[in-house]
């Protein structure tokens, strides 16, 4: 800009908007208080339903979950999709945080 006052002619709008990918491959860990709250809700619902859930009840609660981890041997990215209940995916999470490791197809073929 030149002069004491800016004018419309002094402002150059030559920048074009660029597309930005808003996808993120990172998953946020829920806080312990959220986990406790969810677990309390699950416990109270289980206490209300003392009888065994039917196969149809289990199918209603099934969901697909994506698991992204690294191969224990070559450290390449391994993606899995599992179909289970929220309770089961918590158990899988605990196992993966412990001693359970995933092996990629290439390393599995040579093992």
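Just so it is clear, glycine is given a Cβ too, placed from its N, Cα and C backbone atoms.
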Fill in: 89-97, 98-106 - the range that Swiss-Prot marks as motif 'Nuclear export signal'
89-97
Discussion item. Below 8 angstroms Cβ to Cβ, which residues of this chain, lying six or more residues outside the motif 'Nuclear export signal' (89-97), approach it?
Written reply: 63, 65, 67, 69, 82
